[in-house]
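Positions annotated as transmembrane segment by TrEMBL: 12-31, 43-66, 78-96, 133-151, 157-176, 188-207, 219-238, 250-273, 279-299. According to TrEMBL, the feature domain 'Sugar phosphate transporter' maps to 24-297. Feature annotation from TrEMBL assigns region 'Disordered' to 303-335. Residues or ranges marked as compositional bias 'Polar residues' in TrEMBL: 326-335.
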Amino acid sequence: MAPASKAERKAVLDAGAWMFNVVTSVGIIMVNKALMATHGFSFATTLTGLHFATTTLMTLVMKWLGHIQPSYLPFSELVKFVFFANLSIVGMNVSLMWNSVGFYQIAKLCIIPVLCLLEIIFDKVRYSRNTKLSIVLVLVGVAVCTVTDVSVNSKGLLAAIIAVWSTALQQHYVHLLQRKYSLGSFNLLGHTAPAQAASLLILGPFVDLWLTNRRVDTFNYTTIVTFFIVLSCTIAVGTNLSQFICIGRFTAVSFQVLGHMKTILVLTLGFLFFGKEGLNFHVVLGMILAVIGMIWYGNASSKPGGKERQVYSVPSEKTQKHGILSSPSELDQKV
């Protein structure tokens, strides 16, 4: 009964972590859409800096209450993480500005294959045929329902490549740092959020001026705009925390694959609240394919051999003497 109850408890916690991420992520997208599209606040980089500043305040309060214990993260690792994370944020914004929406969506879909490559190279992860096919189905489904016009130019392509690789490296790094230094989600946020807040609040206004030709300090901050900014920052605390929790509990690839559930939800809520323009057969078909792919991925990756990390252990002197070989199950570790 003990193993079963432990497995059930893990399943409940996994589902809770995932729902926490879905709710906060969809919530912040809808709030930001209203803030930017309806009220004209288009300073995305500066807004992200405010998100991390709010998250920093949350981690300081948690430390003061004793919920975050002292932990260690080398300064060099912190600098690398912040570099990839900030490059990802700026890269995605620039990619959206320089590319068509269709090519921007295709670039975002490329994050999953890049993450798979990183896991195969650095984590020695092995995927089964069904797991690979389920990922392809998710990518096809999301592409069908989100990609419309596709036009490519050289500087847009460069921005997309930088955005995709920096995002993949940042998400892979979250999982790596948590595992390597035994850091919980709160601990890792406590190290990274202040550095990201400081760097983005310094660089953000200049990046946004370059992207929008508008100054963040001269914007007309009405009561409703200020309310939406505060609401966005509040939800962002949950979004940032849930991202670290999910990548820590699963992997960056699983986080990305299942993350496209948020894309489907955002599309659905957009049609419900902002009008049904663009809703047609191929959008609905794409949504159905993506959802089927996500269910298939969850089932395929959870089975033995679906997604495993190869562990190469050195035979001990005793096993060498008696000629005992390790069984395959001792060489593979499920992830």
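Cβ from N, Cα, C; glycine included.
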Residues from the same chain, set at least six apart from the ends of the transmembrane segment (157-176), whose C-beta lies under 8 A from its own: 80-81, 84-85, 87-88, 91-92, 94-95, 98-99, 103-104, 107-108, 110-111, 114-115, 118-119, 122, 188, 243-244, 247-248, 251-252, 255-256
Counting only residues at least 6 beyond its ends, the same-chain positions whose CB falls under 8 A of a CB in the transmembrane segment (250-273) are 14, 18, 21-22, 25-26, 29-30, 33, 111-112, 115-116, 118-119, 125, 134-135, 138, 141-142, 145-146, 168, 171-172, 174-175, 243, 279, 283, 287, 290-291, 293-294, 297-298, 301, 307, 335
Among 12-31, 133-151, 219-238, 279-299, point out the range having the most Cβ pairs under 8 angstroms from the transmembrane segment (43-66). 219-238
Against the transmembrane segment (12-31), which of these stretches has the most C-beta pairs under 8 Å: 78-96, 133-151, 188-207, 219-238, 279-299? 219-238
Under 8 Å for C-beta pairs, could you tell me which stretch among 78-96, 188-207, 219-238, 279-299 has the largest tally with the transmembrane segment (133-151)? 279-299
Leading contact stretch, 78-96, 219-238, 279-299 vs the transmembrane segment (188-207) - CB distance under 8 Å: 78-96
Rounded mean pLDDT for the residues that make up the domain 'Sugar phosphate transporter' (24-297): 87
Taking a Cβ cut-off under 8 Å, which residues six or more beyond the ends of the transmembrane segment (219-238) line up next to it in the same chain? 20, 23-24, 27-28, 31-32, 34-35, 39, 41, 43, 47, 50-55, 58
